[in-house]
């Protein structure tokens, strides 16, 4: 029986023997494709080749790619753990041909690998082929079928519809028929009863797809029509975990050596055993799956956060924590303890797990602890919601309340339902679903983009010349229209461009495109699948005319200074804090720089000062730039160049060197460090567990900041009569102010006590109820304090109503003792109605409520209205 590691190696060895270049997995987190947050298929790293944006370096390629499917079209999240074969993070074994071999070889080698190398039983294999589509004018894929007939009986070759057997990259782009290979893993007696043919693509857990061979031969245009691709592409993907299940004779991916070490560790933590309780088993499968996703995302540079890809990772982590909390009794952080087990099983194939072990553990632990606190808060809010619902004689809480718990506190619906069931209550699921759909629709509307077809003026690829030029003669290769949020923009591709496209943390260049007829402003430059795209608000009237591409040199120079400063900052941080410091992110703009790095405690003021001094010393030394352009990656490593985790590097790289600072980098930089001028750190903060952030200014921005500080200092000196020792004067002022504040607080307490005593002497007893009412100018906090003090002294039959004015704003306050609340009085209902008389509104709890308004003249009437509504 092959282990997971042996299976992975055998695939690579087989395709290497067929002339394929074995390439490393690309990062799971995508940085230069606006259509994707995560790598969700093996082909993602080759999109620029498939789209024709860049020539293929190798015409035959194979790899094992880390993938993540949790959002968009490929969304497996809710199925994960509930079945035997869906996952969030998974490995995709794949082989590709870019204009080389096509269907015959792809099918032949797939069969050879599965049957001759892995020794899978050919009688248990089925292949699907595209049945055709009359509405698309597409015939059955008879070519693929004819090749399959060389290996399989005809009853093992199944026609598949467009949904199952026509693969598309998206709404537009390369596409084509595909041929899926399915395997029947059922026992012999089951196979004898029902043919596997009848179960293919019917979600049977033991008749599953293991390999998809995609034959890309068309391009889908924006008008939905198809045109032939100039160069045909083979793109295959085989689910590694499913293949291991088939080879190891298991009925579930989770029973293989890919997941079992994790599941056993989880079971041990929970004091249970896998296979004894289905709900517990689901929880263990969820956690085993999700810990892989979270760990690999962090190694690839994506930390949990509240935005975009970071929010997806946080959501996955919280889903795992919630399953552990709800079903396995894990009330403390536990997932971070699984990392050594994950490293033991996958560290050899993915050494980045080992290199970043400490960071991954700290991030996961802090995220767990934060969410557990949130869960406790959510439970308290749910307890209050249940109490209020019961007080109103109901047993069903509203879906809106449940959605607020979910949306604001990350409190999942199934946990809400579980707690409600334990208390004999339910939730209105239809209302919850309606709220969820409204939120999704709002998100879809906000993100909706209409992208037109490329208008191709001439074929070609873009050459970036921006390292050497800021102006360059060029022409347009293609353009298209893009609509988003009621704005129409244009994306332009040039044959030569000096414009730097946003990447590596550095924002894109701006500038103009100039020809003899007009000037077009370039408002941004982005990368899409490594293709530089120039964004404009209008198109040239003569797009075929030659033009000059001119970069805004002031902004470029400011960006270059800030980017070079991040390199110096990185080196200085490692010198001051230690070699554990690694860059975790950056943002380089013309105005400032932001640098995220691994460090496990706050950087002290003294350490920041040392860092700043080291950077500025190197600036004063005016160290010249040494650019190593397009050198072999091994040569770069020999230089000692620092690479970033989560970045994908080619065989040849660019290295930026300022003396002892040596880094892989594709950004723009100053010719010598003296051009930076000066660096001033303006803030240091925490981004996530184990990750700190420094923000800084350079050059002219430092001068502006120093000017502002000097002006502020001058104003302060003037306020203190130009005293020679401003610090002493300010401290004296603060101390005196604190003393006066204390006197005011003491006075207010005396006033509160006096008012309370006066009110106690003037209690009116009406039908056995002790009524205290008044209208006075008084701060809201004082009224509240008095009300609660009175409630403590008059424990039964207290009815307190006050109309007060503070800063010309009227306030209505009602306090009721518990026995009156039990009798049916509700303070919140009373103030809500009476507040109309002061042109306001409010509410609160049954025993205490307040309302604000705009009309102080209505206070007396409002107080009387409260008494009237209460029947007093």
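Glycine too: its Cβ is placed from the backbone N, Cα and C atoms.
Sequence-distant contacts (6 or more apart, same chain, Cβ under 8 Å) of residue 665 (Zn(2+) binding site) comprise 504, 563, 567, 654, 655, 656. What Swiss-Prot records for 563, 567, 665, 669 is Zn(2+) binding site, and it gives sequence analysis as the kind of evidence.
Residue 563 (Zn(2+) binding site): 25 other CB atoms within 10 A of its CB, across all protein chains.
Of the chain residues outside the Zn(2+) site list 563, 567, 665, 669, 560, 564, 566, 656, 663, 667, 668 have their Cβ within 8 Å of the site's Cβ mean position. In three-state terms derived from DSSP, residue 567 (Zn(2+) binding site) belongs to a helical segment. All chains included, 25 other C-beta atoms sit within 10 angstroms of the C-beta of residue 669 (Zn(2+) binding site).
In the three-state DSSP classification, residue 665 (Zn(2+) binding site) falls within coil.
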